[in-house]
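Down below is the structure, laid out as structure tokens.
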Amino acid sequence: LLFFAAGLSYFHSCTAFYLPGLAPVSFCDESSAGEDCQSEIELFVNRLDSVESVLPYEYDVFDFCQDTKERRPSENLGQVLFGERIESSPYKFKFNEDFKCKKVCTKTYKKGARQDMAKLDFLKMGMQLNYQHHWIIDNMPVTWCYDVEDGQKYCNPGFPIGCLVTMDGRAKDACVINSEFNKKNTFYVFNHVDIKITYHSGAAEGWRGARLVAATLEPKSINTDQTNPTCEGPPMEVPVDFDNDVSILYTYSVTFSEDNSIKWASRWDYILVSMPHTNIQWFSIMNSLVIVLFLSGMVAMIMLRTLHKDIARYNQVDQEDAQEESGWKQVHGDVFRPPRKGMLLSVFLGQGTQIFIMTFITLFLACLGFLSPANRGALMTCAVVLWVLLGTPAGYVSARLYKTFGGEKWKTNVLLTALLCPGIVFADFFLMNLILWVEGSSAAIPFGTLVAILALWFGISVPLTFVGAYFGFKKAIEQPVRTNQIPRQIPEQSFFTKPIPGIVMGGILPFGCIFIQLFFILNSIWSHQMYYMFGFLFLVFIILVITCSEATILLCYFHLCAEDYHWWWRSFLTSGFTAVYLFIYGVHYFFSKLQIVGAASTILYFGYTMIMVLIFFLFTGTIGFFACFWFVNKIYSVVKVD
């Protein structure tokens, strides 16, 4: 924990370190440019997204100015799956060359022209739903920084297309920033940007050129003279009703400033520090972790003391006294009786093992800085590649447990392990992709990528699952006690030892230790905020594993003491029920925090949420099962059974 505490303080300071592949680029004036120092600064544009819609769109879909020689940098698998579509832009400038009010292009919309009407309507839709530009300079997001409550500054890694003043005169979204945006039933297009580039000079440190450490902009709406633009004048108004021709001139200004106090390695700090959740929830997160650790310690202490007394008592009493005893020893002849639907349970556990190892390695690499926000798409790419390569442990665990349950249909077991849960996820993902494709969203996965994913699945993951199953079927797990031929009758159970109340209660404590982090994770997914607190997330992951294990063991112990030996499925479902609380929280988050509108966006939200819930169900259920499996094996191996 000391190691992770050090990691937390590191992440709190937000000082990121960059690994090979993210080397700094030096810039210098055009007169002194060379191989090691370039003068031209490229501005790339990414997809546009909105907190009011799950559907992102490519830059080209909106009728903005486009680059004459459009280039697209190569994208990794994670970027494609997340729907990132990066391309070159028409905004061109050179290092340390300031200029004011440079024209990019003019877009004209003729009244009565159907194509122009469709383009303008789509632009208005983007402004109404508050779609945001995402620009990139030197692999950094170009941010829009503005003052918020309590004198703090918030740097948003995006800026809006424009905004709307409604029929009743209410200024929506970004229209509140300017008192001149006051005309009813009118859109205001942000057609001008003031870009400010901050750089760190290497002159005083012995290296050539300069490195960019910040890129900010301020969007403005200006209706200026189109033949000789000065970038001064009233706001650029676009009426809701298309009654007259509309002409929008896009312009930009660029200024450079030197700031040697900001190091290149910590250039993301000003964005991460300003995130609205960075400084708010630190103490509450720590309190949650301390409480959960304290509860876990208490549970472990009670279990160890009670069990120690039980084992001592069972091992000391005579056989005649033992006949009158009640408790978990009495079900020793039935506790390892194979469960019903053992095939399905073994399949779930194989898949859960695959997900658990994938999550652990991904989070560990993220903690080390390999999967930082600067390395776009790396997190998703890493997770997918790891999942594909971890087919062997999935097949091994599933086959070994199925063999232990006395199963003989090994082919069915392997095929279900390789295909059932991934098949459900892929089917859901494919349906969501169809909706994105119909809506023309940039998040729609290209057909070639889908084929590549299927090739990874069937070409690598499935064969590796068969390899794991081959070794898993060789030997069953030896049980510490023999199973009786005739099942023992289970006595009448109290309300709390019945299956459903126990399962429902079992998920509360694990969910309690993750719900704060869950809020941040959902914010990063649906509210398009950067997530970088992997130190905390890894610590919460460890706490979740401990809590799932101990909650399941505790409830398992109570059920065995009540002489109910059906623990196989119950141990899986007890901690797996945390996923139900995750779904309920997802519904609550949708209605209370998001402003998503439209049937397509709603279906997409719940479609992707169901994928998360299924993965989390397998993950937590597997943790609980193996903790309980270890516990049951341990207690029955140390007690004398005649």
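A Cβ is built for glycine as well, from the same backbone N, Cα and C atoms used for every other residue.
Record features, source TrEMBL:
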type: SIGNAL; residues: 1-16; note: signal peptide
type: TRANSMEM; residues: 282-304; note: transmembrane segment
type: TRANSMEM; residues: 347-371; note: transmembrane segment
type: TRANSMEM; residues: 377-402; note: transmembrane segment
type: TRANSMEM; residues: 414-438; note: transmembrane segment
type: TRANSMEM; residues: 450-473; note: transmembrane segment
type: TRANSMEM; residues: 503-526; note: transmembrane segment
type: TRANSMEM; residues: 532-560; note: transmembrane segment
type: TRANSMEM; residues: 572-591; note: transmembrane segment
type: TRANSMEM; residues: 603-632; note: transmembrane segment
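The recorded stretches the transmembrane segment (503-526) and the transmembrane segment (532-560) share 3+ CB pairs below 8 A when only pairs 6 or more apart in sequence are counted, and are therefore in contact. Per-stretch counts of Cβ pairs under 8 Å to the transmembrane segment (532-560) identify 603-632 as the leading one among 414-438, 450-473, 603-632.
It is 603-632 that, among the stretches 450-473, 572-591, 603-632, forms the most Cβ pairs under 8 Å with the transmembrane segment (347-371). Proximity of the transmembrane segment (414-438) to the transmembrane segment (572-591) is not established, fewer than 3 Cβ-Cβ distances being under 8 Å for residue pairs spaced 6 or more apart. Using a Cβ-Cβ cut-off under 8 Å and counting only residues 6 or more beyond its ends in the same chain, the transmembrane segment (603-632) has close neighbours at 54-55, 335-336, 348-349, 351-353, 355-356, 359, 421, 424-425, 428-429, 431-432, 435-436, 506-507, 510, 526, 544-545, 548-553, 556-557, 560, 567-568, 571-576, 578-580, 582-583, 586, 590, 594, 596. Remote same-chain residues near the transmembrane segment (572-591) are listed as 345, 348-349, 502-504, 506-508, 510-511, 514-515, 518-519, 522, 526, 548-549, 551-552, 555-556, 602, 605-606, 609-610, 612-614, 616-618, 620-625, 627 (criterion: CB distance under 8 Å, separation of at least six residues from the stretch ends).
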